[in-house]
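Colleague: Encoded as structure tokens, here's the structure I'll be asking about.
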Amino acid sequence: MTLGQFGGLFCIYLIAVIFILTLTYQEFRRVKFNFNVLFSMLYLLTFYFGFPLTCMLVFQFGVAVVPVEYLLYAMLSATAFYGIYYVTYKTRLRQPRSQPRTPIFTMNRVETNLTWVLLALVAVGTVGIFFMQNGFLLFKLDSYSKIFSSDVSGVALKRFFYFFIPAMLVVYFLKQDMRAWFFFLASTVAFGILTYVIVGGTRANIIIAFSLFLFIGIVRGWITLWMLAAAGVFGIVGMFWLALKRYGLDVNGAEAFYTFLYLTRDTFSPWENLGLLLQNYDKIDFQGLAPIVRDFYVFIPSALWPERPDLVLNTANYFTWDVLDNHSGLAISPTLIGSLVVMGGVLFIPLGAIVVGLIIKWFDWLYEQGKAESNRYKAAILQSFCFGAVFNIIVLAREGLDSFVSRVVFFCVIFGACLVLAKLLYWLFDTAGLIKRQGIKSNRLSMPNAGNQL
């Protein structure tokens with residue numbers, strides 16, 4: 001990359017960042033927090049945060065990067081995608097209802113507490129099983145890629161660990177005070193550190209817990225933008241330190257700065273991967289919607305499907321194995337736009353932007369229903385479900401649409417199963433006479449009124 005090429009890219013970069021930041025800041029001033037603001041921040045992080053880091057790696061350390069024209073294509077496609085997404089998100093599909101909806105379900109205190117206990121048991125129970133099978137992998141494995149090897153059993157159980165976070169979200173939303181806020185941080189980060197040590201370097205639970213703590217603080221007005229920026233810097237440094245421990249790196253001086261740049265870029269902003277994918281566009285055999293279906297394979301026990309493929313060919317694995325011919329053991333993230341390109345080429349980019357706009361619009365609708373709900377127990381469940389889906393939104397921006405669909409369906413199934421089981425247990429306890437009638441009566445006083453939307 002020459003200085004002239006850098007100047008051209010920087011102009012496009014500046015226009016794109018100002019465009020997205022302006023729209024995001026306007027939305028932030030209007031509502032403080034919604035899923036459009038969240039997705040926009042994650043989108044900026046994924047596709048634009050890495051550009052300065054890439055430039056420092058090129059000019060400070062002489063690192064070879066994807067040819068500039070493909071980086072330009074990546075930047076232009078990301079900007080066009082966001083524009084189409086934003087128009088779709090802001091388009092009103094139907095007029096507001098003048099008549100209230102009939103509530104689909106309601107909640108009481110016992111059912112709500114049973115729900116979060118069941119969610120926590122799912123997480124703690126699967127962590128315990130994984131630990132009994134593998135021990136503390138952080139101290140047993142000599143490389144992070146071995147987490148995905150046959151030496152590690154019960155890998156599918158890792159999908160359940162995350163449900164500790166929505167469980168603690170229910171606890172927070174039942175109280176919604178500063179003490180509950182800090183309890184959420186302490187409990188979820190402690191659990192995240194435990195899973196980091198047991199799994200051998202997976203940082204997702206820690207990142208999500210800290211991020212949700214900040215988002216809640218913004219919604220409640222307990223955190224300012226300056227505090228958020230400082231927390232972001234702290235989070236980046238913390239993730240870098242955890243990455244060093246995960247990969248067993250011991251660096252200092254210029255090497256430490258170089259390692260910080262490329263690990264931070266690869267962790268938070270794998271935007272160069274999109275340029276690399278576009279560079280190899282002619283090698284892609286478009287997969288259609290098959291990667292979405294294949295990503296569900298990991299949820300099917302081998303006992304039910306003995307011939308189940310051990311390796312799932314989703315867009316990330318297809319990009320890594322078939323396009324790049326990389327078999328190092330780690331999948332290279334294609335990003336949201338890259339996953340669309342793998343599935344259907346550049347024509348899937350605007351179609352994907354429309355789909356993502358509708359997805360984020362639905363999450364915001366559900367979140368607003370939770371905030372407007374008069375039954376505080378049902379409100380806690382709805383808001384916990386929405387905030388609990390933040391991890392899936394991160395997966396959407398960073399990993400791709402196929403990974404998002406499988407994870408959000410899995411999240412809905414497990415969350416819904418715990419909710420239904422909680423209601424069943426309440427019915428059994430009530431039938432057995434274990435529920436005090438006074439508690440039921442007081443709960444009925446807080447049942448939703450005719451203005452409820454769910």
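Even glycines carry a Cβ here, placed using N, Cα and C.
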Colleague: According to Swiss-Prot, which of these ranges is transmembrane segment: 201-221, 243-263, 285-305?
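Modeller: Checked against Swiss-Prot: transmembrane segment maps to 201-221.
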Colleague: Counting only pairs 6 or more apart in sequence, are there at least 3 Cβ pairs under 8 Å between the transmembrane segment (154-174) and the transmembrane segment (61-81)?
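Modeller: The transmembrane segment (61-81) and the transmembrane segment (154-174): touching, no.
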Colleague: Sort out the residues at least 6 away from either end of the transmembrane segment (409-429), same chain, that have Cβ-Cβ distances under 8 Å to it, and list them.
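Modeller: For the transmembrane segment (409-429), the sequence-distant neighbours (Cβ-Cβ under 8 Å, at least 6 residues beyond its ends) are 108, 110-112, 114-115, 118-119, 122, 159-160, 162-163, 166, 296, 299, 381, 385, 388-389, 392, 435.
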Colleague: Which bits of the chain, at least 6 residues beyond where the transmembrane segment (340-360) starts or stops, bring a Cβ under 8 A of a Cβ in it?
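Modeller: Same-chain contacts beyond the ends: 35-36, 39, 77, 80-89, 91, 274, 277-278, 281, 284, 286-289, 291-292, 315, 318-319, 323, 334, 393, 396, 400-402.
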Colleague: Are the transmembrane segment (61-81) and the transmembrane segment (3-23) close enough to be called in contact, which here means at least 3 C-beta pairs under 8 A that are separated by 6 or more residues?
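Modeller: By the criterion, they touch.
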Colleague: For the transmembrane segment (39-59), could you work out the same-chain residues 6 or more beyond its ends whose Cβ comes under 8 Å from its Cβ atoms?
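Modeller: Distant contacts of the transmembrane segment (39-59): 1, 6, 9, 13, 16-17, 20-21, 23-24, 27, 65, 71, 74-75, 78, 82, 258, 261-262, 264-265, 268-272, 274, 335-337, 356, 360, 393-394, 396-398.
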